[in-house]
Amino acid sequence: MSDPTLTRRRMAALAGASAASLAGCSGILNDSSPEEATDAGSGGDGSGGAGSDGADDETGAGDDGSGGGGDGSDSGSGGDNTDGSDATETETIPLQSEPRDSLTVSMVAGEDGTKLQFDPPLVWVETGGTVTWGLESGNHSATAYHPDNDRPQRIPEDASSFDSGVLAESNPTFEHTFETPGVYDYYCEPHRANGMVGTVVVGRPDPDGQPGLADPQDELLDAASESITKLNERTRTLLEDAD
């Protein structure tokens, strides 16, 4: 049979050991808790700082991108550049004092591909007179403004259309005899966009009602319209002086 006094002493000793053990565990938890709280707080600050910086960068990039777009728009103003046309200058168009039975017109291109022109751009022949176009340089045509050539009519209503085709060195000339009095506008097919246009006056026509003296049609290219306007001015002067 066990001694009651001994049993009570063992139980008291065990109870004391348990209390000491619990006190040690409580100290470990309390020591670690501030460190974990500090780490968590630091993480929040770091995250917040990074997020703020990132937002600033995006805004800056957006501003820069917008500014760049503005610069691109400004550069688009290059559309104001001219097309480098060789529209005929009014003051350089010579006038004949009398019509001729026959005349020759040179088809010219400058060495650098500019100065594309008929020389002279305005000629005057008698009714039944002949104009010969000669290829001086480049590749050109002498083509009447007429529906037969898929262009608006700018020759007399009863006149025959004409088209030399593109002349080359193997076939450097073209001639046409003009049987109907009036004003004839013609052009170079490869160089319409450069304003390479010419006029033939036949006989002594009344300027009124001449298709070749009408305002340029809307469907004509700008440079061609400019040349026609200048040729019209000089043609009217020629016919006024002929009266």
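Cβ from N, Cα, C; glycine included.
Here TrEMBL flags Cys188, His191, Met196 as Cu cation binding site. Annotation source TrEMBL lists compositional bias 'Gly residues' at 41-52, 62-81. The compositional bias 'Basic and acidic residues' annotation in TrEMBL covers 147-157. According to TrEMBL, the feature domain 'Blue (type 1) copper' maps to 107-202. The region 'Disordered' annotation in TrEMBL covers 24-115, 141-167.
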Legend entry - Tertiary contacts of the compositional bias 'Basic and acidic residues' (147-157), as residues 6+ beyond its ends and Cβ separation under 8 Å: 163, 180-187, 205, 210-212, 214, 217, 219-220, 228
Inset, instruction - Going by DSSP, give the three-state secondary structure for His191 (Cu cation binding site). - result: helix
Legend entry - Cβ-based isolation winner (fewest other Cβ atoms within 10 Å) among the binding-site residues Cys188, Met196: Cys188
Legend entry - Additional residues surrounding Cu cation, by Cβ distance to the Cys188, His191, Met196 centre under 8 Å: Leu116, Gln117, Phe118, His140, Ser141, Tyr187, Glu189, Pro190, Arg192, Asn194, Gly195, Val197
Inset, instruction - Within 10 Å of the Cβ of His191 (Cu cation binding site), how many other Cβ atoms can you find? Include all protein chains, please. - result: 23
